[in-house]
Amino acid sequence: MCELFHKFMMGLRDFVKDYFLGFWDYETPKVMVVKNKTLGVIYRGVQFLVITYFIWYVFISEKAYQESETRPESSVYTLMKGTAVHGDDILDTVEYVRPSEGGDVISTILRREVTYDQKQGTCAEHFMVANANCTRDSDCVQGEVDFDGHGRRTGRCVQYYNHTFKTCEIQTWCPIERYAVVREPALVEAINFTVFIRNSIHFPGFKVLRGNIKDISNPKEMRRFLNKCHYDKETEPYCPNFRLGYIAAQAREDFSELCKTGGVIGVFINWNCNLDLDYSYCQPTYSFRRLDLRKDQASSGYYYRFAKYYSREGVESRTLIKAYGIRLDVIVHGHAGKFSPIPTIISTVTAMTSVAICTIICDWIMLTFIDKNEVYSDRKFDEVIKEPTVPKAPELGFINSYGSNHSDLSDGVQL
């Protein structure tokens, strides 16, 4: 056991000694010209790919020579415009727009399901609710609340409105929505409604403030422009008015289908600004996409409920409205870049360093696949050790002194 421990310690000592002595060795690359066309083609090909990658993708596409800012400060204000005729009624923005004050989310009602004149009282539960059908009072548990139902059960079994069968009686707003609802036709005129979207964006790092509305100094001309223009990518890129029909078409949605089920559409405003150019080229681009999932019909679409309360003969009543519509979520992304020497130096040094990968790849190919007889490896790796020199016998030379007390060893003495 002691002998094994002694051998282990001796081996460990030799390893540490060799590592310590080898740590102070100096390695320098050796230039060796290999006359091999295959290896030369591979070397130049890899060089071309690396250089092309850095020039085209890193410097031109990604603009690695710029200092960038990707978290701008942004403000969004929205406003819906339009008037619709619904039967004998004229609907304005107060009737069909939520919320009325605007923001980065705005919705418009396209279709309504209305339950009129509801009052607090007792009435029959809907027959499609679980365990709601009954034949006697004992089938209904007093005080039970079914969260898929419409209210709290009284314990009585009553006739289901004008039908012959019976369901459990509940305490709730009567008549219940699923029985008395009136489905109104869709507001097809909403396809021509316009959405005013005002967006301002600030890049604090570069102190640049931009807006998506055309800069017109005259207030009258500005109002005239905003009242008449509609956004067009080519002709009116600075117009903030968007037709609902245009938004639905850009999102590849059928507007008539949206009137039935509703939907959530994202309005993406993208600011990609190259501040090396004039700031007037910093313009927004718009894209539109449906955000709610359409695969699951139970959770797709967009709708919400609200009520209008009033008092009739001293009894509180309400009109319940289930509204289907389009909700617009305005989402702003921003990226700005400007030339800076620091990222330029870093990217340039990275590119020059990456070219060395070509040599590493070709060395590996040469020593692994081409050097079968170890011809290249014998010449590529050399170990140089400084050997002690044998002193030579001194040779006599002449020391010439031309009127000086000092001698010039470089002329008279062989060095």
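Using N, Cα and C of the backbone, Cβ positions are placed for all residues, glycine too.
In this view, Lys322 (ATP binding site) is surrounded by 16 other Cβ atoms within 10 Å of its Cβ, with every protein chain counted. According to TrEMBL, the ATP binding site annotation covers Thr194, Lys322.
Per TrEMBL, the feature disulfide bond maps to Cys123-Cys174 (among others). Note on Cys123 (disulfide bond): other Cβ atoms within 10 Å of its Cβ, all shown chains, come to 23.
Taking the Cβ of Cys157 (disulfide bond) as centre and 10 Å as the limit, one finds 19 other Cβ atoms among all the protein chains shown. Positions annotated as disulfide bond by TrEMBL: Cys134-Cys157 (among others).
Taking a C-beta cut-off of under 8 Å and a sequence gap of six or more, Cys140 (disulfide bond) has these contacts in its own chain: Cys134, Arg153, Thr154, Gly155, Arg156, Cys157, Cys168, Glu169. Residues annotated as disulfide bond in TrEMBL: Cys140-Cys168 (among others).
Annotation comment: TrEMBL describes Cys229-Cys239 (among others) as disulfide bond. Taking all protein chains in view, 18 other C-beta atoms sit within 10 angstroms of the C-beta of Cys239 (disulfide bond).
Same-chain residues at least 6 positions away in sequence with a Cβ under 8 Å from that of Cys273 (disulfide bond) are, in sequence order, Phe203, Val208, Arg210, Tyr279, Tyr281, Cys282, Gly334, His335, Ala336, Gly337. The feature disulfide bond is assigned by TrEMBL to Cys273-Cys282 (among others).
The number of other CB atoms found within 10 A of the CB of Asn192 (N-linked glycosylation site), across every protein chain shown, is 14. Residues or ranges marked as N-linked glycosylation site in TrEMBL: Asn192.
Residues annotated as transmembrane segment in TrEMBL: 41-59.
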Inter-residue C-alpha distance, Cys229 (disulfide bond) and Asn192 (N-linked glycosylation site) (nearest angstrom): 13
Cα proximity to Asn192 (N-linked glycosylation site), best match among recorded positions Cys123, Cys174, Cys239, Lys322: Cys239
Inter-residue Cα distance where the pair is Thr194 (ATP binding site) and Cys239 (disulfide bond), in Å: 12
Set of same-chain residues at least 6 away whose C-beta sits under 8 angstroms from Thr194 (ATP binding site): Met80, Lys81, Gly82, His230, Asn241, Phe242, Arg243, Leu244
